[in-house]
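This report concerns only the one structure given below.
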Amino acid sequence: MRPLLSIALVLSALIGPIITLPNGAPESVCNTMLPFHGGGIPPLTTASPFRITPVTSVVGSGQQLQVEIESFPANVVFKGFMIQARNRFPPNEVLGQFELTDESAIKLINCGGESNTATHTNTQLKKDLALEWIAPANFKGEVVFNATIAQDYDKFWVGLVSTPVKVVESGQGPTSVVGISTTRQPPTTTTVPPYVPRATAASDSSDPIYQGCGDTKGCFGFPEGCVESRNCRAVVATIVQGERYIFEMKSGYNRPAYIAVGLSNDAKMGDDSVVECVPEQGTVNAYASWTFAGPYGVSRQGIAQNFIRLLEKSYVDGVIHCKVERDAVTTVKGQKFDLINEKYHLLLATGLKADSTHVSYHDIGRHVSGVPLALAEVGPVQGMSKLLLRLHGALMLTAWIGTASLGILLARYFRQTWVGSQLCGKDQWFAWHRFLMVLTWCLTVAGFVIIFVEIGGWSQVDNPHAILGVVTTVLCFLQPIGAYFRPHPGTKRRPLFNWLHWLGGNLAHIIAIVAIFFAVKLQKAELPEWLDFILVAFVAFHVFMHLIFSIGGCASERRNNQRVTSMQMADMTPSRNSMSSMDRKQDAAFSGFRKVMLFFYILIIVAFVVALVVITVLAPIEDAVESIKKQIMN
């Protein structure tokens with residue numbers, strides 16, 4: 001008898017935890033709305049056949065509203081449910097109360113307020129259930145109905161959200177549904193009836209994701225300063241309610257784009273735990289993933305999905321909005337993430353490409369918080385400084401648009417200008433050429449070192465800019481070394497040196513300009529596409545000036561030949577050598593024209609350099625200009 005009793009006790013212990021709660025949800029899950037199903041079964045993130053439908057979008061305070069749980073396709077049944085109305089804006093408290101209209105199927109529980117949550121009383125099959133909700137008498141604003149629907153023990157959805165309902169002053173809303181249009185819209189195939197924010201673009205000042213930023217939640221977005229202007233390409237808000245950690249994310253791009261937020265210990269991609277909201281077949285799904293370093297990548301494979309829960313989601317006109325709750329303490333890939341006691345950098349990214357196993361490169365944008373954050377601390381969140389990135393761009397532009405262009409021009413066309421005038425014991429053209437090219441070398445090496453410090457290694461971006469930059473730097477580094485060991489004039493190897501030095505300098509200059517064109521395509525640089533037109537204008541101007549100087553050089557050479565011919569026809573007297581010496585001390589013909597054109601060239605090149613550096617340092621320039629305009633107006 002005792003063995004049988006022991007077996008019975010063991011079986012009851014094994015079966016007990018996995019039996020669903022037949023009498024409805026307990027008050028202990030008021031916040032998470034997550035069923036106590038055994039084995040840690042996670043909620044489904046696939047398309048749900050159920051929708052939560054208020055019969056009207058406006059209700060007066062203290063008045064009654066009918067809310068229905070519907071299925072699509074029709075006649076799909078479910079066993080359990082839990083539903084409550086929440087304030088659409090933080091702190092998202094549970095509001096109002098339900099009426100007990102059918103004691104055989106519905107019971108009411110208290111989630112911080114009397115009878116404000118409805119749940120099932122049994123696991124009998126149900127479909128198209130109607131509930132009556134009474135709006136709070138002292139509340140004006142917007143609510144959304146949140147629901148958990150269990151179709152079966154291991155098949156349930158958490159965070160199904162209705163369209164918003166506006167609660168107005170009593171007398172402004174209907175006293176019943178009579179007189180209010182209750183025409184039903186045909187069900188859609190989206191996972192959830194679209195939870196449509198009042199703005200479908202992240203730039204709308206009334207967008208609820210910005211409500212409470214810095215007061216009740218921490219907000220972080222890009223470009224820098226966009227949270228204050230409420231004009232983010234992507235934004236994440238961290239909401240902490242007790243031990244509930246919720247990440248609210250929105251992508252303001254008008255094309256199907258994922259948005260993801262990662263937790264990082266070092267502010268660099270690699271070994272980070274990520275939560276993604278991804279558009280899939282007209283709806284939004286949430287996934288947990290992991291980043292890898294060297295080569296960079298993101299993958300969901302081997303990552304448990306049961307520590308995140310998708311609470312709300314919408315996908316309207318290419319704009320994603322989602323709320324994802326994450327367990328406070330998790331272990332991912334052997335690394336512990338303790339949101340309660342530890343601080344983390346936020347990695348925010350958005351991009352256009354994603355598939356069934358991972359999201360691809362963040363080609364729309366990426367930003368990193370400047371310091372590690374304790375997510376429970378509410379306050380302004382600043383992004384990591386981009387000073388080194390901007391400084392790299394400014395140095396390289398100054399070097400290869402400015403000093404290198406001018407130094408090459410002087411060496412090619414001004415050898416016979418300022419003849420007899422020296423600087424530091426060298427001819428003017430050589431002294432200035434050497435100064436400008438040494439300055440180019442210093443700027444290039446400094447820019448190269450700075451970008452390696454900024455990135456922390458080799459760039460993983462699929463863009464030729466990095467390799468072209470390395471080639472340019474190597475050629476630039478070798479030029480002064482070769483010049484130091486140049487053969488003396490008149491020696492056998494001097495012509496070979498001249499050709500190699502000319503080839504190395506011009507090749508470095510051309511490759512550097514091409515690298516700058518590719519830099520415009522780098523997402524991290526945040527440069528406007530129209531910058532290409534300025535670069536094309538520079539190239540056209542530079543080539544045009546070379547053409548002008550070449551024509552001038554040909555004319556000067558012809559004039560010099562005529563001068564030599566006339567001297568040969570003159571009477572050969574003892575003063576001939578002195579005459580030749582005097583001729584060599586004179587500038588070549590048209591030197592005045594060359595000097596004027598050089599002055600013009602310097603002015604235009606300085607203008608190009610200043611414009612390009614300003615655009616690079618203030619990038620994204622459109623946002624900087626808009627910010628300046630607002631400051632002037634204020």
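Here the Cβ of each residue, glycine as well, is placed from N, Cα and C on the backbone.
Because TrEMBL annotations are produced automatically, they should be read as predictions rather than curated entries.
Taken from TrEMBL, the feature signal peptide covers 1-20.
Taken from TrEMBL, the feature domain 'Reelin' applies to 15-186.
Mean per-residue pLDDT, taken over the domain 'DOMON' (232-351), amounts to 86. According to TrEMBL, the feature domain 'DOMON' maps to 232-351.
Feature annotation from TrEMBL assigns domain 'Cytochrome b561' to 348-555.
Residues 428-430, 432-433, 436-437, 439-440, 443-444, 446-447, 450, 469, 472, 505-506, 508-509, 512-513, 515-516, 538, 542, 545-546, 549-550, 552-553, 594, 598, 601-602, 605-606, 608-609, 612-613, 616-617 of the same chain lie 6 or more positions beyond the ends of the transmembrane segment (394-414) yet place their CB under 8 Å from a CB of it. Under the heading transmembrane segment, TrEMBL lists 394-414 (among others).
For 435-453 (among others), the entry in TrEMBL reads transmembrane segment.
As annotated by TrEMBL, transmembrane segment applies to 465-485 (among others).
Residues or ranges marked as transmembrane segment by TrEMBL: 497-518 (among others). When Cβ-Cβ distances below 8 Å are used as the criterion, the transmembrane segment (497-518) is approached by residues 396-397, 399-401, 404-405, 408, 437, 463-465, 468-469, 471-472, 475-476, 478-479, 482-483, 486-487, 532, 535, 539 of the same chain, each at least six residues removed from its ends.
Taken from TrEMBL, the feature transmembrane segment applies to 530-549 (among others).
Here TrEMBL flags 598-621 (among others) as transmembrane segment.
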>> Summarise the domain 'DOMON' (232-351) as counts of helix, strand and coil residues per DSSP.
In response: 0 helix, 77 strand, 43 coil
